[in-house]
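Peer 1: Dumping the structure here so I can ask a few things about it.
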Amino acid sequence: MARLYDAIEPEVISMSMLQHAVESSRADGESLVIPKDEKLNFSEVNVLRLDFRNILRMENLWLFSNLTKLQMDNNIIERIEGLDTLQKLTWLDLSFNNITRIEGLDSLTELTDLSLYNNRITIIENMDSLKKLNVFSIGNNQIDDENSIRYLRRFDNLRTLCLRGNPFASKPDYYIFTISHLPQVHFLDYKLIDDAPREEATKKYEIQLQQLITLEEQEREKEKTGEDQAKQYQLHKDAFVENMDQNQLFTAMFKDDVEGQKLILVPGSDELMTQFEQKCNAIVYSMFEFGLKEKEIRDREIEDFWICVNEAKNENTRQAAAIVDEFKTYRSTLFAKEDLEQQGVSPELASEYDDALTNLRNKLMALEITLVDQLEETIQTFERNLAEMVSNFTESMRANFSQLRELQAFFNENIINLCVATVERIMKGELEDEFPDDTRELFTDKDTIMNACQTSDEVHRTKIDQREDEMFSRISNWLTTMMDNIHEEEEYKRNRKRIIEISRLIDYLRADIEDM
Amino acid sequence: MTDPVGPEIPNNTNGHELTHETDNDGEEFTNINVESSDFQTTLTNEQQEDILPSKPKLQPIIAPDMFPPPLVTCDNPEDYPESYRKNSEKEELILTFVENFRRQYHYIYRDRKPILLTPLNECGVPKFVCTTIQPTMLAFSELFQWNLGAEFIADHLNYELLDPAHELPKTLWSPTKVLADQRGNCFDYANLLCSLLIGAGYDAYVVSGYATREVCYMDTTRLPNPYAKKKHEERMEQIKAQHKKYTVKPPKDLTSKYDAYMHQRRLDQIQAEKNRLQEEENKRIAEIEKPLPDPLYGIRVHAWVLVLPGKREVPEAFFIESTTGHAKATNDPEYLGIESVWNHQNLWVNMQDCSNGCESLQFDLNDQARWEFMFTYSTNLRGAVTTSLNTLGGSAILDEEEEKPTVETTQKDIELPPSWVLTLNITPKDFQKRYPHSRKTYFYKKTRVEKYAPYSMKDGIVLKVSEFADYDFKELIYVTQKHEHRHDKLEIREHDVRTNMVYENYLPGRSDHLKEHTYGFGPEFERIMIYYDKARLDGLARRHETILELTDYFINRDDFLEYRQAIFEPRPKKFGPADKDTQRPIISITERYGRNLQLNANDDIHELVYAIKENKFVMTYHRDSNHITPSTRTFCKPANWNDKAFTIQWNEDLQDTYQADEEFKQMSKRDLYFKMLHLIEQEEEVIKRVRKAEDETRDLQSRRQQEELSSDLEISVYDIDRNEKSKIYRKLLQQKADEEKRKKEIHDVDYLAPFLAAIGNPERINVQLAQQLRLAAQRDFKDRSIRKANLMQARYESEIQELISKQQWYQKHQIGMSKEDELEYQRLCQEAQFRLHILEERLKRHKELATEKYMQLENKLNEDPRLKEPYIVR
């Protein structure tokens, strides 16, 4: 049983405790044969045991980024926390603690074994991300709820489950309920589940299970469509034409347009409206399609570029590696000769080797310089081409946007005309009763109505401008980011790395002979 | 009638006339103005007598040797069926037609050689060649394909030459006799093959013509060896020169163009010199191989087979040389001319000029200018359309120059009688034997080929190809043997005599999964073994062993091991037999691994060298695609590594690491230490594996020797002829059945027999006798039962007596008896009681059964027909 924590002083996870824990896990007498490293590297530790230590809070564990197994049983932990960085964890033991709620496990996607035995948990929840869960021990807790069992249905890999010692487990139909609702589980409460009782149980709960399955399927479908939509949206976004496949822009134009919404209630505006909508949508849709097409072209271009760049890099690397290999065979024959003589390196040999090394270095450097030149040129061409594409895209889109604006102007003119006519008619006393009150206010005189029309026009124009600006700024951003990245990675960083590698190699090979 | 020849004859204009003629029962009809230069048999079955005399031009000219005296060429003509010994009426009639045809042909083309029409068969009876073809489809799927069928015929028969070589044979044996004797001349070959091919649905013809001496003599020594290994065509690797948009510019080429030019020129010169030499060599060889001039060139008679396109998806006409089974093009220079071709329905005479051999011959047999047919058919074979159904002009022949009107007769189709030859038959046994006496030898250019039927040789050999360096088959250079049904699964063995290397190929199914084995003899031994790697648990694909090296190649292993090479120290040279027991010390073992994609390239070992002699481990990791150098790590074994008592102390000098990149993970001292310990353990393991591999190769050698000695052949369970086991089993079954039968006979033993014998086995008996017999039988049975019961009773009693006496003896000597004796006594008592019990049981059973048996006997006696009217006993 979990102990009461006021009986003993709780402890804090400190550096010395961790060090002690790591070292104690190693074999006895090891320190005698292996000199200690200056500093313990926590990120290399895979297994950590922190049991029976009266720990109250889970903290200071973020250094163990490669931890796969963590044992913290028999402490007085009350909250699961501080596990977000331990993403490689597959085994977590938190049994015999004072945990009341399942939480803080969201980042442990690799977890297969989880023990929460003997805690104070009432509901099984917040475990959706543990897709690989295989063994789950939740015995001796306060679970008293069918829904918690149903919740476990989502773990397809769950094979072993312990529920013993919960209030729910003492109910009469606990066993058959569990085995019928969790067909993936093979072992329940340390016992293998036989097929025959399971079949019986399944029959008993057939109707409920059917309903459950239908619900789950619906959910899954929903999820899937949601995913698809998100994917689609992402695609559109990458093509810079998101929200342009339907009438979103048109709706947006009128959404924030208070005046406009009133204006379109003017009799006779229906026709104008539909016309406007149709034309507007046609233009927007053509822009949308054009955008997708352009994206495809750009993608192909980028793919082409990368294929060629990688080819060139691989070819170059291959050549360089061949040169290095050749040198190594040369070296081994050289030293083999040396071995025969059974004496130190003669100065002639050393100088020969030194010359060969210089030669090797020159060759490798020459190769690298060639590659740098080649890549530079290719990247330049690529940049030019891509910039051209982007500007084409922008030009074409700009033309479309101006069309939209014209359309808006035309629409506005028509509306003004209509409104003026309407005002005149109202003045004359016709059309008395067909207006809602707030609309009628606008039509009291000509100036008001003109103002309203202008405001509406303004709103619409702003919307269009906004969309245009957004599109253009994003595409130019995209281009600069990508090109900067390419320059940075392919020209600068790659080159640096290679040069360092060459000098490392030369140094290493030279040290070789100096040792002798 | 305008044109009496060919299938178009019965056109509309003469259709009426023809029917009319038929109605008028043979009224003579003169055909006017026949433009065709063709000649034709003009006979009908009814009218020939009338016609012949009516044509003065066609007076028979009988040469003295036209019908040579019957020449019986078989030993026992009387054993042959009648169709062989006699001609039916219909055949006689056909023979007359043919004779007429021949005479006309001879008359018109005096300078042409006679054609083979009615040779004698083996019983000395003239038979028309078309009827000698008996289209047959045999029950061997192999004979359904022309190439396999032709090969079979070539293999199955022994070839005999024509004598004399420039004349047509006088006799043509029936295909049945050819098959039975397994020998024949070229006509027999062609005839038989044609029968089979037509039976298999081909449009095949026997060709009678002229060929070169080499073909006529079936001299294949100038042909290249058909079993020569096909050389690997080196596939040119096609590097796709796709020029992509962003392909980088190649680096500047700074080499001298002039140098390259000069180099190329020098290479060209060398190549030209080589070509010249090669050409000279070729010429020289051609000179050697050229056959001697042939005095009989062009008049050597030969027969072969022609296959025309149209059936069985044959795309174009070709010849089959029936003596060798090879296909030849129709313009093959070996064939010098064609006189006639025939199948089972018709015969065509070649009217084309053969001065250029067969090169320009056309094989459209409907073309009357080129091929003259003997019979026409209304439903023509060659697919021409005819309008009249049952009439045709087997039209009269006109000599063109004479323009003599001939008699056009009205007649039905000339119907060839069915072939006089019996249906061909090859027994499965003969078919399997394939060659005469189960073996045959062929000679090709510098090659001798020996073929054997499966199971005929003890070592399972079916084919042996010996290649020689010279044309006289003296200097052997290469032997290829093919085996079948061997227990050790050996399929092919090649022996290169010059290098003394042997190459063996095995079928799957060996316990060691050996696939290929290449080895040599002599001290410089080197062997390459290739295995069925999928069948082997260790994935071994290839093993290469030389004196100082043992190299294994693996495929598809879970641990990604691909290669392991062990290098041995040279064995100190000793005289006397090399003792194989001492193991050669290992200098080093190298293992190479494939890329395990689940690891980083830098953590994935590529090569691991256990330098055993130097006490070192050299590890080379895989090269990351972004780096030009692989990381390496070297461990030196500490001095006391071998001593289990000491723990190994870690020391920085023990290892040396080169990392291609600073950013790569550094191993901690602890990891390095354990890595080294692990390597030391692993080394032991690897040495064990190498030793095992060594043993395995040695085992293989000895096993192969054993297998060579005990070369039994494998027999399929389905092969009832050869499978001894199944034979024994069947015999056993037979025996069992026999026994069963005998038992039944014994069971139905005749109970009256002894009594009948007592009265002298009469044929009949009377009532009294019957009564007596019955009584005697009953009495006898009773007596016997009583005797049996008495016997048992007596034994029972004597047993009891014995027991009692024993007991008495025991009571007397009870005191002072040893323990063993007492035990002995008890045992004896028990045995005696057991015997008593058995006897008692038997007696009881006998009593029960006796009455029952008596009743049975009575029933039988009551039902026995011999004891009833009319008392017939025998």
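The backbone N, Cα and C atoms fix where each Cβ goes, and this holds for glycine too.
Okay, so TrEMBL annotates it like this:
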- B:229-290: coiled coil (COILED)
- B:676-710: coiled coil (COILED)
- B:786-860: coiled coil (COILED)
- B:152-213: domain 'Transglutaminase-like' (DOMAIN)
- B:301-374: domain 'CEP76/DRC7 peptidase-like' (DOMAIN)
- B:436-716: domain 'Dynein regulatory complex subunit 7 MORN' (DOMAIN)
- B:764-869: domain 'Dynein regulatory complex subunit 7 C-terminal' (DOMAIN)
- B:1-24: region 'Disordered' (REGION)
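Could you place these features in context, so I can see how deep they sit and what lies close by?
Peer 2: Looking only at the coiled coil (B:229-290), the predicted model's pLDDT averages out at 78.
Across the range of the domain 'Transglutaminase-like' (B:152-213), the DSSP-based residue counts are 27 helix, 14 strand, 21 coil.
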Peer 1: Can you tell me which parts of the same chain pack against the coiled coil (B:676-710), counting only residues 6+ beyond its ends and a CB-CB cutoff under 8 A?
Peer 2: 487-488, 490, 512, 514, 517, 527, 529, 543, 545, 550, 552, 564, 566, 580, 583, 586, 589, 591, 610, 612, 617, 635, 637, 641, 648, 654-655
Peer 1: Reported in the order helix, strand, coil, what are the DSSP residue counts of the domain 'Dynein regulatory complex subunit 7 C-terminal' (B:764-869)?
Peer 2: 95 helix, 1 strand, 10 coil
Peer 1: Taking helix as H, G and I and strand as E and B in DSSP, count the residues of the domain 'CEP76/DRC7 peptidase-like' (B:301-374) in helix, strand and coil.
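Peer 2: Helix, strand and coil residues of the domain 'CEP76/DRC7 peptidase-like' (B:301-374) number 0 helix, 30 strand, 44 coil.
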